[in-house]
Amino acid sequence: MINKFLTIFLIFSIVIIKVLSQSSNEQPLNVVPYPQEVTMIGCNIPLSVGSISIKSNIESTILSISISRYQSLFFPFVSNNVLKDSSSNIELSLIIASDDETLELGIDESYFLLVNQDTYQIKANTIYGAMRGLETFKQMVVYDVVENSYSLTCAEVVDYPTYQWRGLLVDNARHFLPKNMVLHIIDSMGYNKFNTMHWHLIDTVAFPVESKTYPKLTEALLGPGAIITHDDILEVVAYAKTYGIRVIPEFDVPGHSASWGVGYPELLSNCPGYPQSSIPLDCSNPYTYSFLENFFSEIAPLFQDSYFHTGGDELVIDCWANDTSIQKWMKTNNYNTSDAFQYFEDQLDVILKSINRTKIAWNDVLQHGVKFDKETTLVQTWTNINDLRDVLAAGYKTITSFFFYLDRQSPTGNHYHYEWQDTWEDFYASDPRLNITSNAENILGGEATMFGEQVSTVNWDARVWPRAIGISERLWSATEINNITLALPRIGQFSCDMSRRGISSGPLFPDFCSLPDDLSFSFKPVYQLSKDEIKLILKKK
């Protein structure tokens, strides 16, 4: 009995020591997001360029692409000082329980990773768990800039995400992002173990999505050629899947709808005196719903995921009260504007059910008195923590965004930072379930949002990274992994690693980030001065 008690006590003590060491005292493994459990083994294995091979026990097209990708990322600097002998060649073994490539919310992303002098192994239940393990393994391959050499850190890792929904909103409407830029964004998301891309495809200013059913929708373009074709969507969805990233489309209705009306003005309400940007879809017109049904039926099959975001935020609802035909319709049905909004959302539910999709809507729809089916609707909360509590109290499942607005210079309520880059600390400290005492289990996760009023291809990376690295860790790692001082050097190093992979992620503190030649020397002046020209120019003051 005493021996049994001592055994239990020792196991309990070891667990406590492990948790405390990771949360309070040290984070010895230089990995982002930080894993759930880490045991350092105390060795570093020297490597030479090209010395890592990967072997899997299953066949999977998606996994093969992921393996090829990481094979190309292990050694960004092609020359090093490590001898190319057989002793530094290692074979990483992937042992995966299932070859099922189905990707959906709640997919198992856990993995076990072991690196020591004799074993190089990742075990996972799914190919997507193996992918997460490959990213961790990649970060354990360390480049020493002084010695110009590589080594592999020995450790045992048990890892899984804290939140099942770890998203990033990509705005393709306010500034057009061409397909290759979207693929580049997916690369950066995959490196950070994000698993959901919320694709905000249209807005008031533009409708850049091709429709073969309603071709005049793309009369509302930002510029010539600024259009996302069906083939583009299919490629984006497929490419994202090779990172274990689900793609959720958002078509925001009934507000933010001016772009719908450029090609099809009969869809819009008639509200004299209201700016065009404030005019919503006509909730009283049966044509509105047949149009949406036909359009959504065309678009939904391009996306594999069961979730479909219908927006609903920032509706200028008084417009409906000032449209004479809508007034007449509301009077006939004994509706007020809240009833009209409820009717609109109910019709959306019928449409989404017919195409086998689950609704996501912004939380301010609820603030108009609208009620959703709690079993078939996911609410995205973007306003504040009190509204989050209201959403939870009403029994809805939710994902949170108000913590993670990347388009703002500082998160809401925090104005003490002098450097906007330092707002990563606010994001890092913002656990979605923090200060939530009721129904916290209904918070599925969170989304960083990069609305694009002032963001385009030229500055997207710099506005998102490295700040979103902190968000990725907050959504993946254990709640106890929250020490900003310990996180800073890891995130700084990983930001450099992302730069070496072609993502323009900047520094968080003064440091030196060596880049491969193809990245370091990619900047060239429009006119290259010769040595003689330099001397001639400097000859006179």
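Cβ atoms are placed via backbone N, Cα and C, with glycine included.
Copied from Swiss-Prot, the annotated features are:
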SIGNAL    1-21  signal peptide
ACT_SITE  Glu314  active site, proton donor
CARBOHYD  Asn322  N-linked glycosylation site
CARBOHYD  Asn336  N-linked glycosylation site
CARBOHYD  Asn356  N-linked glycosylation site
CARBOHYD  Asn435  N-linked glycosylation site
CARBOHYD  Asn483  N-linked glycosylation site
Spatially closest candidate among Glu314, Asn356, Asn483, the listed recorded positions, to Asn336 (N-linked glycosylation site) (Cα to Cα): Glu314
Separation of alpha carbons, Asn356 (N-linked glycosylation site) and Asn435 (N-linked glycosylation site) (Å): 35
For Asn322 (N-linked glycosylation site), nearby residues of its own chain (Cβ under 8 Å, 6 or more apart in sequence): Cys271, Pro272, Gly273, Tyr274
Cβ neighbour count within 10 Å of Asn356 (N-linked glycosylation site): 10
Cβ-based isolation winner (fewest other Cβ atoms within 10 Å) among the glycosylation sites Asn435, Asn483: Asn435
For Asn336 (N-linked glycosylation site), the number of other Cβ atoms found within 10 Å of its own Cβ: 13
Rounded to the nearest Å - Cα separation of Asn356 (N-linked glycosylation site) and Glu314 (active site, proton donor): 26
Tertiary neighbours of Glu314 (active site, proton donor) (same chain, Cβ under 8 Å, six or more apart): Gly255, His256, Asp364
